[in-house]
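In what follows, a structure is listed as structure tokens, so that the remarks can point back to it.
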Amino acid sequence: MTKYALVGDVGGTNARLALCDIASGEISQAKTYSGLDYPSLEAVVRVYLDEHSVSVEDGCIAIACPITGDWVAMTNHTWAFSIAEMKKNLGFSHLEIINDFTAVSMAIPMLKKEHLIQFGGGEPVDGKPIAVYGAGTGLGVAHLVHVDKRWISLPGEGGHVDFAPNSEEEAMILEILRAEIGHVSAERVLSGPGLVNLYRAIVKSDNRLPENLRPKDITARALADSCIDCRRALSLFCVIMGRFGGDLALTLGTFGGVYIAGGIVPRFLEFFKASGFRGGFEDKGRFKDYVHSIPVYLIVHDNPGLLGSGAHLRQTLGHIL
């Protein structure tokens with residue numbers, strides 16, 4: 001008889017829940033709920049389990065916020081809860097609450113070739129560290145290492161490191177944004193809001209007033225080639241994505257590969273392929289040759305957060321991935 005666990009991927013707007021076959025890791029019965037419609041995450045879980053008439057003992061839910069202890073308070077939502085109390089209330093034997101990029105990193109060993117698009121570099125080296133990052137509402141970062149037959153995710157808040165310009169244009173962007181907001185982190189330029197910041201800074205650098213555009217407006221105009229400022233912003237976004245990925249590669253020697261997740265890049269995939277991304281990735285001066293062979297992959301799996309939550313839980317329960 002198949003034994004299932006509950007897995008989830010929760011952001012600021014939606015909660016996506018599914019079942020994971022504990023033996024195989026296969027994800028099924030995925031359903032998305034609006035977080036605005038429920039008073040708590042526990043309430044959403046109860047509705048899901050009732051709707052699917054399934055009894056589970058174990059669960060793992062990825063959430064887009066730092067997980068530093070038993071108390072979880074979501075960054076972009078009013079939900080807050082005790083992991084221990086929620087586990088008790090649901091009658092679970094195991095309940096793991098992990099960072100969303102911990103989940104994405106744990107999905108990597110489960111991905112197949114059709115779930116990836118490669119951008120340069122050679123073949124990944126088995127057993128070497130892996131980096132994963134992705135731009136969406138914010139900039140998520142994690143690393144993954146393989147130790148004693150176990151995958152260990154190294155989560156953190158790497159998206160909030162300093163933005164490090166490496167050209168006159170990027171230095172100009174930093175100067176303008178720093179005058180507006182003070183500290184300029186990588187996330188301030190590598191995210192949906194970050195794309196808007198790039199556009200605004202480009203326009204302001206020419207002593208003009210920027211329009212009130214949303215990220216999707218900038219992307220659409222750039223792809224239609226109807227706005228030179230938008231096209232410059234998107235081009236610069238791609239280059240800085242490359243620089244940041246190269247920084248991650250240098251930091252931990254990620255010869256196992258660098259992986260890009262998140263919802264932004266797939267929206268302009270062909271533009272990204274032709275951009276200066278890989279050039280930015282390898283623009284490391286004396287260490288250009290060091291990163292030259294490191295492959296970069298774009299994850300195109302529909303639900304890496306659910307897949308990784310399942311992988312994390314299965315490993316916790318003693319399965320070898």
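Residue 1 is the first one shown; counting continues down the chain.
Glycine is no exception: its Cβ is also placed from the backbone N, Cα and C atoms.
According to Swiss-Prot, the protein has these features:
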- Gly8, Asp9, Val10, Gly11, Gly12, Thr13: ATP binding site (BINDING)
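Features as recorded by Swiss-Prot, highlighted on the structure.
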{"residue": "Gly8", "record": "ATP binding site", "Cβ contacts under 8 Å, 6 or more apart": "Ala15, Arg16, Leu17, Ala18, Val45, Gly59, Cys60, Ile61, Ala62, Leu306, Ser309"}
{"residue": "Asp9", "record": "ATP binding site", "Cβ contacts under 8 Å, 6 or more apart": "Ala15, Arg16, Ile61, Ala62, Asp100, Ala103, Asn303, Gly305, Leu306, Ser309"}
{"residue": "Val10", "record": "ATP binding site", "Cβ contacts under 8 Å, 6 or more apart": "Arg16, Gly35, Leu41, Ile61, Ala62, Ile63, Ala64, Met74, Asp100"}
{"residue": "Gly11", "record": "ATP binding site", "Cβ contacts under 8 Å, 6 or more apart": "Gly35, Ala64, Asn76, Asp100, Thr137"}
{"residue": "Gly12", "record": "ATP binding site", "Cβ contacts under 8 Å, 6 or more apart": "Gly35, Ala64, Met74, Thr75, Asn76, His77, Thr137"}
{"residue": "Thr13", "record": "ATP binding site", "Cβ contacts under 8 Å, 6 or more apart": "Ser34, Gly35, Leu36, Asn76"}
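Summary of the ATP site environment: with the site residues Gly8, Asp9, Val10, Gly11, Gly12, Thr13 set aside, the chain residues having Cβ atoms within 8 Å of the Cβ mean position are Asn14, Ala15, Arg16, Gly35, Ala62, Ile63, Ala64, Asp100.
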